[in-house]
Every structure is written in C-alpha cells, then in structure tokens.
Amino acid sequence: MRASIWGTGSYLPKKVLTNADLEKMVETSDEWISTRTGIKERRIASAEEFSSFMGAKAAEKAIEAAKISKSQIDCIVFATAAPDYIFPSSAALAQAYLGIKEVPAFDCLVACTGFLYGLSIAKAYVEAGMYQCVLVIAADKLSSFVNYEDRNTCVLFGDGGSACVVGPSRPGSLKISKVNLGADGKQGDLLRLPAGGSRCPASQDTIQNQQHFITMEGKEVFKHAVRRMEFAAKTCITEAGLQEEDIDWLVPHQANERIIDAIAKRFAVEDSRVFKTLAKYGNTAASSVGIALDELLRTHDIHSKERLLLVAFGGGLSWGAVILQQM
C-alpha cells in the first residue's frame with residue numbers, strides 16, 4: 001500500500017503588512033527588501049488567529065478537498081515552530097476546534113521543514129497500516145516572535161496555515177513517492193528562538209535582553225540552506241530511480257528568492273515551473289511549502305504522472321525533500 005495526498009488546504013490572515021508599512025517601522029525600504037528577499041508583503045495574524053486556529057481553518061479546506069468526513073480521520077500531526085503553548089499541543093487544540101473524535105494528536109517541531117516531516121510521518125503510518133487517514137497540519141504565528149525593530153528578520157516572516165489529508169493511494173491523488181530528511185543540531189545556534197524553553201526559561205533578564213525573538217545568522221543560513229536542500233533533493237531523485245529532468249514542478253520553502261533561485265539553477269528547472277508565493281506571503285515557516293502546494297493545485301492543472309519536488313530547510317538545522325506524483 002502506498003500513501004498519497006487526498007486533499008490540501010491553506011489559510012492566510014486578512015491583515016497585510018507591506019514593505020511600505022515596514023518603511024515606517026524600521027530603517028529599510030521597499031527596494032532594499034525586494035532586491036534582497038523577493039518579498040513585497042506578508043500576512044499578520046490578529047490576536048484571535050493563533051497557530052492552532054489557522055491550522056484548523058486550513059484543515060477544514062483540506063478535508064473538504066479530500067471529500068471525506070471528519071469522522072474518518074484517525075490521527076493528527078501538527079507541524080509548527082510557534083505552538084499556542086508548550087502544552088497542550090496545538091494538534092490537540094486543533095482537534096477540539098474541528099470537533100474530531102479522540103484520535104492521537106501531536107506536534108512536530110522542526111521549524112520550516114515541518115510540513116515535509118509531517119508528510120513523512122503520515123506516509124509511514126499509512127503504509128504500515130497503523131492509520132488509514134492522517135491529517136497533517138502546518139501553521140505558524142511567527143509574528144509573535146518577530147522583533148519589529150530588527151530589519152534583518154522583521155521583513156522576512158508572515159503568518160499562515162496549511163494542511164493535507166494523507167491516506168492510501170486512490171485515483172486523482174498525489175502519491176508520496178519518496179522522502180529524504182535530515183538534521184544537524186551542531187548548527188542549531190544559526191537560527192533559533194533563544195529563550196522560553198527549559199534551557200533558558202523566561203525571566204526579567206530574558207525579556208530585557210530581547211531573547212524571546214527569532215535570531216538568525218543570515219549568510220550562514222543561506223549557505224547551509226542551498227547545500228542541504230540540494231543534497232536532499234538529489235538523494236530523493238536518485239533513490240526514486242529518476243533523473244532531474246523527470247521533475248515537472250519545484251515547490252520550495254518560501255524563505256528568500258535568492259535561495260529559491262539558487263536551488264532552481266542547480267536543477268535547471270524553468271522559472272515557470274518553480275512555484276512561488278514568497279512575494280505575497282513572505283516566509284510562513286512550517287506552513288510555507290503546504291501553502292505553496294495548495295495554491296499550485298488550485299491554480300494549475302497537474303496532469304497525470306507529473307512529478308512535484310518539494311524542498312525545505314529550517315531551524316535545527318533541518319532539511320528535507322519529498323517527491324509527489326499525480327495519480
């Protein structure tokens with residue numbers, strides 16, 4: 001039995017934060033942001049739009065697209081870098097919001113690679129026969145952890161949610177053909193949220209030192225991102241018994257246009273076949289690839305046997321690649 005994606009969904013908050021808005025907040029410009037990142041605007045969640053809420057909203061659309069009832073879902077995996085709480089899990093909160101029966105529900109914290117890790121978990125469960133219908137959710141309200149006085153990070157991130165339903169392959173679904181994942185904790189300090197966990201719990205000092213905001217070593221992250229995603233993608237292609245020219249669409253993590261372009265060049269993918277949502281939504285962390293995949297499927301006809309290559313990179317450091325094929 002092979003696992004496949006039955007349906008996808010996404011959710012974006014209504015509030016738009018443009019580059020022009022950021023010009024009024026920090027020392028930056030639309031030209032500076034656009035040329036360095038490719039981002040024009042991003043969505044910012046309201047006080048009521050937390051990660052579990054956005055994920056649940058995306059899940060409703062995925063369930064509808066999959067043409068199933070909520071009662072068929074027998075496991076929930078929630079990928080996030082910005083959970084509502086350390087506990088209870090955002091998966092359990094989304095489960096309650098959706099009114100889904102008391103099935104296993106847990107979080108997966110792999111930052112921006114989360115959607116791919118979630119797909120991998122769902123694939124393994126379905127193909128092992130452990131569960132028949134797994135709901136994978138990825139959502140992040142990263143604006144809660146962005147320092148809007150730091151122009152190097154505040155221009156990058158936006159909020160959003162994505163989801164998909166994974167089950168045994170059926171006609172019209174997207175078969176999850178091959179997965180390759182990796183992580184390197186030795187490089188963890190390059191991209192992290194320093195305080196708030198058990199190693200560095202919240203205190204007056206951590207607040208005064210602004211340690212509850214995202215920190216990033218941009219140049220080092222860029223180098224690792226391109227190299228690691230290229231490795232994961234090429235390994236995936238080789239293990240699937242394919243050639244690079246067999247890939248019809250590239251759906252990358254929407255982090256930075258320079259990173260996306262660097263990956264596309266390494267695979268000689270035509271620009272029209274590299275799907276981007278970056279300019280509209282910025283980097284939406286774990287939900288990024290899922291949002292892009294959902295938008296691609298809703299705006300383009302993916303023909304039978306076409307293959308999609310998903311690639312992502314995030315904190316951990318973590319990375320991954322997944323090959324999907326239209327059934």
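Cβ coordinates come from backbone N, Cα and C, glycine included.
Looking at 39-43, 159-163, 254-258, 304-308, the range tied to region 'ACP-binding' in Swiss-Prot is 254-258. Cβ-based crowding with a 10 Å cutoff singles out Cys112 as the top-ranked of the active-site residues Cys112, Asn283.
For the recorded site, His253 (active site), the DSSP three-state label reads coil.
Across the region 'ACP-binding' (254-258), the prediction's mean pLDDT works out to 96.
In this structure, Asn283 (active site) is part of a beta strand by DSSP.
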